[in-house]
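Residues or ranges marked as transmembrane segment in TrEMBL: 134-158, 192-210, 231-251, 257-275, 296-318, 359-381. According to TrEMBL, the feature domain 'Ion transport' maps to 135-393.
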Amino acid sequence: VGNTVLHILVLQPNKTFACHMYSLILSYDKNKEGPGSLELIPNKEGLTPFKLAGVEGNTVVFQYLMQKRKHSLWSFGPLTTVLYDLTEIDSWAEDQSFLELIVSTKKREARQILDLTPVKELVSLKWNMYGRPYFCFLALFYILYMVCFTMCCVYRPLKPRTGNKTSSRDNTIYVQKMLQESYMTYEDELRLVGELITVIGAVVILILEIPDILRVGAAKYFGQTILGGPFHIIVITYACMILVTMVMRLTSTTGEVVPMSFALVLGWCNVMYFARGFQMLGPFTIMIQKMIFGDLMRFCWLMAVVILGFASAFYIIFQTENPENLGQFYNYPMSLFTTFELFLTIIDGPANYDVDLPFMYSVVYFAFAIIATLLMLNLLIAMMGDTHWRVAHERDELWRAQVVATTVMLERKLPRCLWPRSGICGREYGLGDRWYLRVEDRADPNKHKVMRYTEVFKAQDRDTYDKGLEKLEINRDILYKKELSTLPLSRSTSRTSSHRGWEILRRNT
């Protein structure tokens, strides 16, 4: 019952009342430090009151609980060294990491906890010591891996075509080799090494991604921008395309260019995932994700309807015409593709002035140009501008959350020998087996006194300014030369005011 009350207090809107009642209930807890403490009992979602405060973004309760966990080590003047208990915060030994819970929640208030002590210091320590070097090495390794895969695709086994052309529009001169013909020369064996590296890399990607999907859940894993949801979809699809290409190569099935092309596009697009490790590029990838999965997805539905309608009209108009004179609409798939190019203004309207074009083509193309080019494209630009304005206020905050998510991901996937535990063991200070983070706080004990001195200076300058205004009102009709003669007087008055303020400071010192 006491643990349930603690969870309810974390959700209270009155933060001060919740903190006082929280402290009162814990004062009656008999197992304050043991494993049966009320603070360590999780709810049905596996959240203790401390983790619940972080997930809900309750910064007041979080800071209150952190103040209870800190230990002052020594103090010298304005400097104070504090040990913060990392229990439930550090993701090194936690199955359900506190940092991962914060970055995976949809509440924006929860991300503000990443700027509080000691979470901010812990993340900075992990990222600067281990996260950034490992992430840069992973980015370099992935780029080299993609270069290897691209070279294997560029030099894939092809042979000259032997069959006759079945159509005048048939332009194929090379076809895919069979499996027995693909690995015969030294160049083929060298390409085989690159293909084996590519397939092994695809299998490793699937082995690393599938456990995280099962642990977090597909909806949260693929749906969160901070966790890299779209990039996880891209890299898993890429790995599947590689395996499909391998199967088609082993069975000598024609058409391997389809999965191979998809794999090349997806693999190189996934390079943008590594931009999150750099402050200059990370926020822009967030902007791109927001626009693609927000404005562009909605706009594509409207674009598909317009293209489908006008492409059908163009095909019907040119269905009775000779395709050799104007072949952009010679069949229905080509009509769809040509209309898509016209929609994005990639090409101009097809025209052949040596032949007579149907009259309806001019009418339909005029309507298409008005609706598609002038109306819908400008609508898309306006929508993206509005999204840019909205996301610009929180993109830096989202980027910091991405850095936390990346740090937690690397810490889970790397061996423990490559990522030692952060902080100081409590046994060194007689605090048990718990781990602590040492943080140096700088506090000014004379802060209120300095503020009082500042108010004195402001009052003195305000009086001088008011007197100057009265003098200007009286002498408004005086000539410009006489106004210049009053400047040394005001300067001396300001100097006297400043001198009076410094005398107050000397006397109090």
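The backbone N, Cα and C atoms fix where each Cβ goes, glycine too.
Just so you know, TrEMBL annotations never went through curation; they're auto-generated.
Keep in mind the model is a prediction, meaning the values are calculated, not measured.
Packing against the transmembrane segment (192-210) from elsewhere in the chain are residues 145, 148-149, 151-152, 183, 232, 235-236, 238-240, 242-243, 246, 413: each is 6 or more residues past its ends and has a CB under 8 Å from a CB in it. In the predicted model, residues of the domain 'Ion transport' (135-393) average a pLDDT of 83. Against the transmembrane segment (257-275), stretch 134-158 shows more Cβ pairs under 8 Å than any other of 134-158, 296-318, 359-381.
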